[in-house]
Amino acid sequence: MSTSEKIVLAYSGGLDTSVAIGWIAEATGAEVIAVAVDVGQGGEDLDTIRKRALACGAVEAYVADARDEFADEYCLPALKANALYMDRYPLVSALSRPVIVKHLVKAAQQHGAGTVAHGCTGKGNDQVRFEVGITALAPELKCIAPVRDLALTRDKAIDFAERNNLPIETTKKNPYSIDQNVWGRAIETGFLEDIWNPPIEDIYTYTQDPAEPRDPDEVVITFDEGRPVAIDGETVTMLQAIEILNQRAGAHGVGRLDMVEDRLVGIKSREVYEAPGAIALIAAHQELENVTVERELARFKRTVDQRWGELVYDGLWSSPLKQALDGFIDDANAHVSGEIRMVLHGGRAVVTGRRSGQSLYDFGLATYDTGDTFDQSHAKGFIELFGMSTKLAAVRNQKNG
Ligand code: ARG
């Protein structure tokens, strides 16, 4: 066994991280251990990715199947928090980083590596999520980012790959930067950097064009304490629930987003997303909360949900505040059980029915028809006292002109 320094690299199988293996080895003299994490990104066969890492000079290469773990421990908490950064973005990339980090740290500890490397640039959120995430789990580990710290540019990467005959495609020019997992897909750069340019149909793979004529699809989602447990009566795992809705909601173009986003590093960036399963699930979960969560708890939870999303976006998955909020969010989901019926059509997931043994909706209190049990005579006094402080202020202001 060699005694040289070991570095664990977050490996995607793409050009940059393939070249990074040799680039890091040359720059530092360390041995590189490549770790790829399957978060449901699909695409290439994982064994092909593993073999490529070895062919590019990694001393060891692993692929961790983290799909269920990602769905259960990362996507589910996001669903319970109705997590939408800037009220829109379901945190696709932000959610996958902490589970990748967990596997990198595990590999570093198993192999006695002192450093973890990732392929992020110096302009994005992901570098923060990796490095703060690693610090939170293993404060003794160091981080390097070859693209940012070792001057590994795209042109140099292509040149390096060709010179060293690395088994990786360098000619196929993808103009976009894409990150995808089972919770959704992010598309950046290329012609999208002109924020007046509309997205073209070509960039989407999880969703069909919502403008194409199609018959609507009706789906019933069953939740238990905030967790989706069945679809149309068939028991599902969290991962299956997301996958099934990616298919069914994706077929109707649900979950496409085009937005300018506030990055943690201070810049605004154009982002296109597609997250059909996530958007359908969040819409259903939110509505079931409307039916089952008491008003004051629901109002406060909206503030907590927003803060939770910002913390996760900002790379603070393992921070004390985020963890404390998890406790609140879990508690608030204790009664979020029941069924939601939705229609998927024309780019939208629209709730059309709700049914729950935990419902706070009281037909007798709500109805305007016969069977009304609401005693309207209490309303007059209630309003009198409820409005008292506002009225006192108004009278004072009137008196003082
Ligand atoms: N802006 C999004 C985020 O920060 C997406 C990042 C996608 N990453 C990428 N390498 N394309 O969560």
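Every residue gets a Cβ built from N, Cα and C, even glycine.
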GLY57, GLY112, GLY114, GLY119: which one does TrEMBL list with ALA10, TYR11, SER12, GLY13, GLY14, LEU15, ASP16, THR17, SER18 for the ATP site?
GLY119
The binding-site residues listed are ASN125, ASP126, ARG129; by CA-CA distance, the one closest to ASP16 (ATP binding site) is ASP126
L-citrulline site span - longest C-alpha distance across TYR89, ASN125, ARG129, SER177, GLU261, TYR273, in Å:
19
Looking only at Cβ atoms, how many others are within 10 Å of the one on GLY14 (ATP binding site)?
19
Which residues does SER18 (ATP binding site) neighbour through Cβ under 8 Å, counting only same-chain ones at least six apart?
TYR11, ARG52, ALA53, CYS56, ALA161, LEU166, ILE168
Packing count at SER177 (L-citrulline binding site) (other Cβ atoms within 10 Å of its Cβ)
13
